[in-house]
Amino acid sequence: MAEQPRLQQGPPGAAGSGSGSSDPARPGLSQQQWASQKKAQVRAFPRAKKLEKLGVFSACKANDACKCNGWKNPHPPTATRMELQQQTASLSEACRSCGHALAEHVSHLENVSEDEINRLLGMVVDVENLFMSVHKEEDTDTKQVYFYLFKLLRKCILQMGRPVVEGPLGSPPFEKPNIEQGVLNFVQYKFSHLAPKERQTMYELSKMFLLCLNYWKLETPSQFRQRAQKEDGSAYKVDYTRWLCYCHVPQSNDSLPRYETCQVFGRSLLKSIFTVTRRQLLEKFRVEKDKLPPEKRTLILTHFPKFLSMLEEEIYGENSPIWDADFTMPASEGGQLGPQSVLSPVTVSGSPLRKGPSVDPATSEPIAGEKRKLPEALTLEDAKRIRVMGDIPMELVNEVMMTITDPAAMLGPETSLLSANAARDETARLEERRGIIEFHVIGNSLSQKSNQKILMWLVGLQNVFSHQLPRMPKEYITRLVFDPKHKTLALIKDGRVIGGICFRMFPTQGFTEIVFCAVTSNEQVKGYGTHLMNHLKEYHIKHNILYFLTYADEYAIGYFKKQGFTKDIKVPKTRYLGYIKDYEGATLMECELNPRIPYTELSHIIKRQKEIIKKLIERKQSQIRKVYPGLTCFKEGVRQIPVESIPGIRETGWKPSAKEKNKELKDPDLLYNILKNLLAQIKVRANTFMSRSDSTRLLLKKSEAPDYYEIIRFPIDLKTMTERLKNRYYVTKKLFIADLQRVITNCREYNPPDSEYCRCASTLEKFFYFKLKESGLIDK
Amino acid sequence: MALVSADTRIAELLTELHQLIKQTQEERSRSEHNLLNIQKTHERMQTENKTSPYYRTKLRGLYTTAKADAEAECSILRHALDKIAEIKSLLEERRIAARMAGVYNDSDPPRKTMRRGVLMTLLQQSAMTLPLWIGKPGESPPPLCGAIPASSDYVAKQGDKVAARVKAVDGDEQWILAEVVSYSHSTNKYEVDDIDEEGKERHTLSRRRIIPLPQWKANPETDPEALFSKDQLVLALYPQTTCFYRALIHTPPPRPQDDYSVLFEDTSYADGYSPPLNVAQRYVVACKENKKK
């Protein structure tokens, strides 16, 4: 068994087994198979031979003085094939070391059952294997553990006991929640909004990841110390020893109780091993991609990298909820709770499970999986039914979903290539899924040594920012990027930084300041900026900060507007004043986050919804199949008709909303009179103070000021409004209020804010809103 | 009407193309059989260790057939390429027609401008689908293949993409990616449209301000002389923009589908050049002015 220990990583068996197993997710259990074969062989020995074998590990009982702890064959076997060629030693054969007969060594076994003998023999085989391992092993830490286990098993054979690993290691489980629970929570947390099919995909990926982890060989403590200098080597060593004793060695050594890595370890181990394991896993899949079955290939090559990146964020993120002992999905996601409640009982069982070489992920999966699928579908549907009561039946939606997700229904590459109306972040999202780009939140730290890669990325970020923001002094950028209070969401492509958003969180003030934001010039207009900001939004939702503030310069305003920022600031000034860096000539902008929106998937979700609606409309249209002639009444001078009087509209299922019905005045004459009365009052009011301030013209008439029309795009005044009213233009109160508001806005826009005009406008505004309420046109 | 007939024509062409591809496969299977025979004959000769006249004649026959097969396959493939070119030109015609209609039709609501990212993707696709020039043995690449310039009297057709030197608003001269609208033989001037919908402007420019873009990719494996060589000064489209800038060739494309790697002149970098960036063959043209600005 020349299995190279730990140099080439991979699920055991892939390295040297003859099983020819090509699927990396299905480890060929070679060492294990070998051991069990050997055991079967030994157990088939005649009893005499068995006794001889056990005698080697049994103390001499000739008299109390004899300290010999194992019978030694006086005719040492030649190196080759001892079992087959050697004659069975007789019970009278004397021990080479103490001189007492073999019988004296095995006397205690006389009345022992065959089962117990076989159990002891199993241990003998395992001891012999361990002995080999001790010899072959080059790593000192590992060697020590092997040797300890070797001694432990020997002692057990001697005393006919059962091996228990004792000492400071503690007993499993070592951390709660365990890795499996955490990863399943992660799937729940991140993907529960997806369609059942996609969610199932993610679930399968998580299962595969867990399985790989269970059979993954960890790096030795010395390798670990070399790689991750800043991290705690001693803690890892403890975990590593535990893993050897409880998970790894028992895989091929069934005398020891075996536990699954993902069941007994938790976040701390995953933290120490994730980066390396992830790299090795992806590398392995990449190398072996041709051997993967085709249906798995796409799954692994397109979804797995992104899956792992997202998982990484949760593993290293400070406040990730997936590791909470009492993790549940937020109540708002009520519809998705189904699988959660079904999953948890399956995953918390901490007992040693699945012994022996029969572990096959593909076959063991459905045992748990099938149980799960049905209730999940049911609960999901139930929940949906409650949420959209009275709406389109779920079966119909599902049916439509099937048609739009059917890959065969797509029209070939042409459409996807020329998707002129694809969402801005569509490409970026795809690239992330394929692992072409990655997103990482990184920052400098003064308390602990940052690792080399992070520092390199920070330098990369500093370069991108200073290149793209030439007006910012380079020293200033450097200072902030490397400031431990600032963090940066870095966009990585081919291992290099191509963009990022530097930000500072103020958890006590309930907002985050966006400090720098840039994408390197030759990677622009690819949707990376949008995707970056969406990732930042999701990161903040996780950290319970729901406001972004930023000072945007003139070039940045457009970008921030597209990302949902406005100039309308809702955070009270007292909360940010003195916290945020103020820039001259820049505009303060704010973005409020909604924790219920999965931002990185938002445009995708909306696109889906549109598709569904479109399909539903098409269905409805094909059902109704009746064509009405167009309306002619408008040509005849009618200004407005009630929607419900349009022929055929009721057949489509349209219903007037109860709210609108009550609010809008039905009688046009009544509305006319109210508005006429109102306008008259406003004009009187305006005249009283306008004459005083001698500014009648601005408010009542379009000004004669030469630049007025350049600045004011939609001129309106009270006189024009009077004319419009006469012409019966105001068929709804909405039109009237809009014009009135425009009068005020125009005045404010044209005149300086502290001018008399603006003061008048404000007074007038208050007055007419008061009047509107009074006449019942708007709610109080 | 014209549009409809173009549609049916394209459908026809696609059917023909489909058939040609099937034929190629048939042709290929046939020649493979023959190639196998050649191989076997060679093996047999090897074992017998002498070249008998029988084998010589047999081999000659086999090789003649193989050559004929290969030529047949080659001609089908060329035929298929012609079909593709025809489809592309029909699409192009249709696009130009639609554009003209758009320009002269004022009553229509203004066209929605394309999102910049989409425009960039289109430009990349156009570079990717630029046909590769495949000459017959001994034939040298024509003008407008790779780095080979157009002949001096060449006139770019309507709809062709060109690099156009225009005066920007601030008075600076700039090479932009543009599309030819018309050429006047009397004034020797082009009318071109800025490709960028945002700066939708029509420019009237003299011939020397126009550089037609390559219409074929050059194959580095067969026609390396039709590519710019390392350190040559060129105008290259800066990635994700619609402007050409001066650049030095860093490495020519190693394979037909690969891009050039170029170093753009950029004073914001310490050594005056940007790090190597990839630009497709379609968007690299010779730079006439050799003096540095």
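Each residue, glycine too, has its Cβ placed from N, Cα and C.
Automatic, uncurated: that is what TrEMBL annotation is.
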Looking at A:346-366, A:640-660, which one is region 'Disordered' according to TrEMBL?
-> A:346-366
List nothing but the one residue from A:VAL519, A:ILE557 whose Cβ has the fewest other Cβ atoms within 10 Å; the candidates are the binding-site residues.
-> A:ILE557
Those residues of the chain, 6+ apart, with a Cβ under 8 Å from that of A:GLY527 (acetyl-CoA binding site) | A:ALA423, A:ARG424, A:ASP425, A:GLU426, A:THR427, A:ALA428, A:ARG429
Diameter of the acetyl-CoA binding set by C-alpha atoms, the set being A:CYS517, A:ALA518, A:VAL519, A:GLN524, A:VAL525, A:LYS526, A:GLY527, A:TYR528, A:GLY529, A:THR530, A:TYR555, A:ALA556, A:ILE557, A:GLY558, in angstrom | 18
Could you pull the average pLDDT for the domain 'N-acetyltransferase' (A:441-594)?
-> 92
Of A:CYS517, A:VAL519, A:VAL525, A:GLY527, A:GLY529, A:TYR555, the binding-site residues near chain B (CB under 8 A) are A:VAL525, A:GLY527
Counting every protein chain present, what is the number of Cβ atoms, excluding its own, within 10 Å of the Cβ of A:VAL525 (acetyl-CoA binding site)?
-> 19
Tell me, how many other CB atoms lie within 10 A of the CB of A:CYS517 (acetyl-CoA binding site), whichever protein chain they belong to?
-> 25
Densest Cβ environment (other Cβ within 10 Å) across the binding-site residues A:GLY529, A:TYR555 belongs to A:GLY529
